[in-house]
Every structure is written in C-alpha cells, then in structure tokens.
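Chemist: In case it's useful when we look at the structure, here is the feature table from Swiss-Prot:
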type     : residues            : note
ACT_SITE : H135                : active site
BINDING  : H17, G21, K25, R265 : 1D-myo-inositol 1,4,5,6-tetrakisphosphate binding site
BINDING  : D170, H172, D259    : Zn(2+) binding site
COMPBIAS : 388-405             : compositional bias 'Basic and acidic residues'
COMPBIAS : 415-428             : compositional bias 'Basic and acidic residues'
MOD_RES  : S424                : phosphoserine
REGION   : 3-316               : region 'Histone deacetylase'
Amino acid sequence: MAKTVAYFYDPDVGNFHYGAGHPMKPHRLALTHSLVLHYGLYKKMIVFKPYQASQHDMCRFHSEDYIDFLQRVSPTNMQGFTKSLNAFNVGDDCPVFPGLFEFCSRYTGASLQGATQLNNKICDIAINWAGGLHHAKKFEASGFCYVNDIVIGILELLKYHPRVLYIDIDIHHGDGVQEAFYLTDRVMTVSFHKYGNYFFPGTGDMYEVGAESGRYYCLNVPLRDGIDDQSYKHLFQPVINQVVDFYQPTCIVLQCGADSLGCDRLGCFNLSIRGHGECVEYVKSFNIPLLVLGGGGYTVRNVARCWTYETSLLVEEAISEELPYSEYFEYFAPDFTLHPDVSTRIENQNSRQYLDQIRQTIFENLKMLNHAPSVQIHDVPADLLTYDRTDEADAEERGPEENYSRPEAPNEFYDGDHDNDKESDVEI
C-alpha cells in the first residue's frame, strides 16, 4: 500500500553559502530539488514550503545564550564577539556567514514541521533533505552544524510516541543526537560510521552504550575504511531488524548523510548510490512512521543523485537511469546518469571476521534491553507549530517551477583548481 509522503523544501535554503573553500555547500539542496522536480516525483508527494523555526523552538534543546548569539552574530559584527565565538565553537569549520540564523531557522523548521505532521497522522513519511545536522550540541556548533534539527524534531515526536528510533548512515558518528538522548530509553540511537585514526568526531566506539535509564539504548557500529555495499548490508539489515524487534519503535528518524558514498570529498567508504538507497528502502519496509533527513555529503552532484534516488524509493516510483535535462545538467557530466560508478581504489578494511565480531557484540548488548520500554500516561503539550495547509498545492495543478529559483553564489561548486569537487580529482 502506497504511503502518504510529505516533502519539505524552502526555495531559499540553497542560497546560503558557508564561504569560499568550505566543503559544506547548501546549494546541493537546489540540485536535489531540481532533479526531484524534473523527474516528476513532486506529483507523488504533498509538497510544502516549510515553517521557519523560532528562537523558542531552538531553545527546546539548545541554550538560550547560544541561540541568542547565533541570532545576533554576523560577518560585519563578529569582531565584537571574540569571546562568544570561542565559547560556542564558531569559527573555521562552523563559520559565521550572511544569513546564518535564517539558514538554521529554515532547515530546523522543516524537520519540526515534518515531526508535527507525523504526530498528527497527516503523512506516513516526511522528507527534509535540508535537515540532518547531527553534530550540533546543546551549547555549541560542531562539524558544520549549528542547530540540531534532529534532536528538536525527536523532542516533538516524543509528545505522541513512547519510543523513537534514530538511525544514522552518515560516514560521521551522530554524536550530537547520541549525547542528547544518552540517559533515556525513550530514544534509541543507532549510528553506522567510520571510527578510528582520529576521524571526526572521534566518538562512536562500540562500547558507548548509554547510561542510567538509557544504558544499552545507544548502539554504535564502528566501521573501517572502504566498506562496500555487500559488507554494509551484511551488517545493516540484521542489526536494524533486531533493533526494531527488541525496541518496537512507534516512529523512526533516518539520517541519510551521503558522505558514506564512494568518491565523497570528505569520505572514505565505497557505498554506491543503490547500496545507500537499500538502507532507506529497508527502513521503509517496516511500515513505521518515518522522518527522513539529509546530513553530510560533499561531492554535490552525487549527493543530489543519491537523495533524488531515495526520494523515488520512498514514493515507490521507478525513475530512468538517464538524468532529465535541467538548468544544472552540466554538473552531472560526463555521463549524465543517476548511478555513476562511485567506487574508489580504497581497500575494504572491514573483514568478514571483523564485521561478525561487531554484530555479535551488538546482539549481546541488545539482549540487555527491556523489550519495548513503556512510558506513563501524560498530558500532551501543544504542538510547537500550528498545522496549516496554506502552503500546500495540488500536485496536478502545481507547476514544476513553483516556488523555485536558481540561486548562485560565488564558488558555490568549485573553489579553484584545488577544490576536489572538480572532475580532475575524482573519476565518476
């Protein structure tokens, strides 16, 4: 039975620019949306221009001092915030750029609205590719992430759902989400990520399992360089199957960071777009309300391919291997296909013995769980936002270019000869 899918896209979210040379390029969201439009996938979804999160919304998780700082700081006045910049870890990896707070408001609002719609059973699946910024902490920015939209969305889901499962397939450990829910059994966090050799953020060991009420409700799958589709699937599907069976979540949040693909600018895995998509399709197969978010991904053309393909899986619509012509067509050269070969020469250092050892340890930890922990009956607080369908347009009446513009910032894709988004560095 086909699911009702809500899709959140703000036409301005791709306008923001972290700065020349920075690997995080919000313009990847415009590429993704363009492919979603030109493949006609928008016809299979309810499309929303999302709510913008307020300071109050963000302070559900973050400290007021930190959010107040994000709202006030700008490139023109940052010299007066030297102490705060250091205190809140804003600087090189997490730069101050024009419209910083507005950017955070837009991607966070979309995740929050997706959670609210799932709570109200308006949709079965909610998609926000702009979200998934999993490194942000309560008091500070981290790893290109300022506001943790995932945590804020989960807090909203917890009003209606006794148990929320968080799954993270970004190459980097979902440390901000893990830290937020480390002491509770209301949220179970499962992260598959590269671990070791000082790889960012340096957390996510298999023996980080939670504490107090949350002991054993935190599950980490530390992986080595070069993992491929077969090895990843060998671990992902049995682990997630066991987690769902033991924990019985009533809602799932899936972070789909695309930096776990082969040929990613900051990555070291060997997943194909199909292999990455298999994880999304498998999670969808449990027929549990699902919030799907973006995350990392730094070879922008492949991020767009990946998230477009995964959108097609979520709406159960087959799409052609040949990319449709669009204003961004030239960025998908030389093949102009949906599934280019993104394998690299990185050796798969994840032996079958190593993966079996991880799986055995994880299964032993899962045996320590209480099956489906319960919560006491409580009054449900008011929704953080009031649902309003005024931004919804009928798919058949809405033109594919509605609410869409082509923003372009200097260096939005390539920052000179040393930017390894260029074709000369990576064979795609």
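From the backbone N, Cα and C atoms, a Cβ is placed for every residue, glycine too.
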Chemist: Would you mind reading off the Cα separation of H172 (Zn(2+) binding site) from H135 (active site), to the nearest angstrom?
Modeler: 9
Chemist: Same chain only, sequence gap of 6 or more: which residues have a CB within under 8 Å of the CB of the residue listed as 'active site'?
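Modeler: Residues satisfying the criterion: S142, G143, F144, C145, N148, H172, G174, D175, G176, P201.
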Chemist: Other than its own, how many Cβ atoms are within 10 Å of the Cβ belonging to D259 (Zn(2+) binding site)?
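Modeler: A 10 Å sphere around the Cβ of D259 (Zn(2+) binding site) contains 25 other Cβ atoms.
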Chemist: Which one, from the binding-site residues K25, H172, R265, has the smallest tally of other C-beta atoms lying within 10 Å of its C-beta?
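Modeler: Ranked by other Cβ atoms within 10 Å, the binding-site residues K25, H172, R265 bottom out at R265.
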Chemist: Cβ-Cβ under 8 Å from D170 (Zn(2+) binding site), same chain, 6 or more residues apart: which ones?
Modeler: G132, H134, S191, H193, Q255, C256, G257, D259, S260, G295, G296
Chemist: Which number gives the other C-beta atoms within 10 angstroms of the C-beta of H17 (1D-myo-inositol 1,4,5,6-tetrakisphosphate binding site), all protein chains shown included?
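Modeler: 22, counting other Cβ atoms within 10 Å of H17 (1D-myo-inositol 1,4,5,6-tetrakisphosphate binding site).
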